[in-house]
Amino acid sequence: MERAPPDGLMNASGTLAGEAAAAGGARGFSAAWTAVLAALMALLIVATVLGNALVMLAFVADSSLRTQNNFFLLNLAISDFLVGAFCIPLYVPYVLTGRWTFGRGLCKLWLVVDYLLCASSVFNIVLISYDRFLSVTRAVSYRAQQGDTRRAVRKMALVWVLAFLLYGPAILSWEYLSGGSSIPEGHCYAEFFYNWYFLITASTLEFFTPFLSVTFFNLSIYLNIQRRTRLRLDGGREAGPEPPPDAQPSPPPAPPSCWGCWPKGHGEAMPLHRYGVGEAGPGVEAGEAALGGGSGGGAAASPTSSSGSSSRGTERPRSLKRGSKPSASSASLEKRMKMVSQSITQRFRLSRDKKVAKSLAIIVSIFGLCWAPYTLLMIIRAACHGRCIPDYWYETSFWLLWANSAVNPVLYPLCHYSFRRAFTKLLCPQKLKVQPHGSLEQCWK
């Protein structure tokens with residue numbers, strides 16, 4: 001997001017003299033430094049373009065990603081991709097030579113697109129945070145709206161409209177309203193660059209309000225998860241069934257890992273809410289064993305039933321055979337099985353929500369780290385008209401801001417199992433076919 005002429009970085013004196021620009025922008029870099037900076041900028045461009053292109057290709061390759069909340073991640077990837085494909089490449093020769101050589105018309109277009117994309121990235125992060133907030137605090141109504149793709153598209157379009165309205169009209173019309181352009185020949189930056197009142201208003205809408213919003217959403221998610229965890233633990237102590245003294249101890253089903261998948265050794269395991277109460281799914285056997293499964297329903301099992309359990313897992317009571325009437329003990333067992341199923345399902349959902357809060361905290365923290373320096377320096381610089389902030393600090397701050405577009409796609413495979421699996425499908429399709437459960441870890445090593 002280029003907001004200033006780069007002469008302060010190019011010229012040893014740090015002045016914005018029009019004579020230097022007219023002379024071609026004397027560079028303050030040696031040939032070696034120019035090569036190093038060009039290589040770093042090229043690396044940032046490649047990382048931004050390839051990373052976000054991979055996110056977009058994942059939507060084409062994996063139809064399971066096309067949910068409402070993931071459409072917002074796609075919208076963010078489109079913004080970041082265009083930053084790397086259009087905004088940064090046009091700025092590289094400008095920052096290395098100190099002179100804009102692409103004409104006034106392309107300068108206007110570049111500024112509009114640059115401000116638009118960076119603002120849309122911010123608003124997309126707010127939208128993603130709000131969507132996760134609804135998924136945790138209003139889960140029932142949220143799940144009912146998951147199939148409404150048009151609602152998601154409307155929200156995505158609204159993000160782009162608001163992002164354009166924030167800076168676009170000002171960039172296009174400022175020079176006509178003020179009676180002429182104040183930008184020297186060979187430079188390209190917004191006319192309002194030193195207007196403190198406009199910048200403080202725009203910064204409030206572009207950074208301070210969004211940052212407070214995502215902080216509120218994530219704090220609400222965290223508090224909601226904490227409350228639900230506390231209620232689950234209290235409920236387990238009050239109403240949890242006691243296993244019989246002769247029952248064999250069995251570890252509970254492993255919760256999802258931080259990647260959202262089962263650990264090694266549990267490749268076939270699935271949460272119990274995928275099965276009916278009357279079906280024996282993975283994890284039910286462990287629950288039955290912990291609760292003392294068998295016809296005795298709490299009494300010592302006979303040698304026959306004990307050996308049968310050891311060889312075939314926990315069996316259903318004989319009274320549950322087809323055509324027979326369930327006994328009181330079998331009804332009690334079914335009730336306890338249902339309680340175990342509900343407990344494991346709730347534990348799975350809490351683990352999923354904790355993962356959501358963790359991933360959002362990472363995204364928001366990086367967002368604040370990348371945007372706060374630029375926003376604060378922009379306001380201070382405008383207040384003192386560029387005399388109190390060294391130009392290289394300002395230059396560094398918005399390169400840090402651009403780096404956020406390269407970092408965002410890295411967060412998806414780290415925090416979202418669905419994206420990680422889609423990336424594996426694109427990058428390691430053979431491993432995914434041969435080892436569908438264990439290939440994710442191997443592919444990303």
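Easy rule for this one: first residue shown is 1, then count along the chain.
Including glycine, each Cβ sits where the backbone N, Cα and C put it.
According to Swiss-Prot, the compositional bias 'Pro residues' annotation covers 241-256.
If you look up Swiss-Prot, you'll see S439 marked as phosphoserine, on the strength of similarity to another entry.
Look at Swiss-Prot and you will find 234-259 (among others) tagged as region 'Disordered'.
Summarising the annotation, Swiss-Prot assigns region 'Disordered' to 286-336 (among others).
Per-residue confidence over the topological domain 'Extracellular' (1-39) averages out at a pLDDT of 54. Residues or ranges marked as topological domain 'Extracellular' in Swiss-Prot: 1-39 (among others).
According to Swiss-Prot, the feature topological domain 'Cytoplasmic' maps to 61-70 (among others). Long-range contacts of the topological domain 'Cytoplasmic' (61-70) within the same chain: residues 128, 131-132, 135, 145-146, 148-149, 151-152, 418-419, 421-422, 425-426, each at least 6 residues beyond the stretch ends and with a Cβ under 8 Å from a Cβ of the stretch.
Here the topological domain 'Extracellular' (92-108) has, by DSSP, the following mix of helix, strand and coil residues: 12 helix, 0 strand, 5 coil. The topological domain 'Extracellular' feature in Swiss-Prot is assigned to 92-108 (among others).
Per Swiss-Prot, topological domain 'Cytoplasmic' is recorded for 130-156 (among others), and the stated evidence type is sequence analysis.
Across the topological domain 'Extracellular' (178-196), DSSP assigns 1 helix, 0 strand, 18 coil. Swiss-Prot lists 178-196 (among others) with the feature topological domain 'Extracellular', giving sequence analysis as the kind of evidence.
Residues or ranges marked as topological domain 'Cytoplasmic' in Swiss-Prot (evidence: sequence analysis): 218-359 (among others).
Taken from Swiss-Prot, the feature topological domain 'Extracellular' covers 381-396 (among others), and the record attributes it to sequence analysis.
As annotated by Swiss-Prot, topological domain 'Cytoplasmic' applies to 418-445 (among others).
Feature annotation from Swiss-Prot assigns transmembrane segment to 40-60 (among others). Sequence-distant neighbours of the transmembrane segment (40-60) (same chain, 6+ residues past either end, Cβ-Cβ under 8 Å): 66, 70, 73-74, 77-78, 80-81, 83-85, 88-89, 92, 95, 399, 402-403, 405-406, 408-410, 412, 419, 422-423, 425-426.
Within the chain carrying the transmembrane segment (71-91), a Cβ under 8 angstroms from the stretch's Cβ atoms is held by residues 1-2, 41, 44-45, 47-49, 51-53, 55-56, 59, 102, 106, 110, 113-114, 117-118, 120-121, 124-125, 127-128, 131, 149, 152-153, 155-156, 159, 402, 404-406, 408-409, 412, 416, 419, all 6 or more beyond its ends. What Swiss-Prot lists as transmembrane segment is 71-91 (among others), and the listing cites sequence analysis.
The transmembrane segment annotation in Swiss-Prot covers 109-129 (among others) and is backed by sequence analysis. Panel annotation: around the transmembrane segment (109-129), residues 1-2, 69, 72-73, 75-76, 79-80, 82-83, 86-87, 90, 102, 155-156, 159-160, 162-164, 166-168, 171-172, 188-190, 206-207, 210, 213-214, 217-218, 360, 363-364, 367, 371, 401, 404-405, 408 of the same chain, lying at least six beyond its termini, place a Cβ under 8 Å from a Cβ of the stretch.
The transmembrane segment annotation in Swiss-Prot covers 157-177 (among others) and is backed by sequence analysis.
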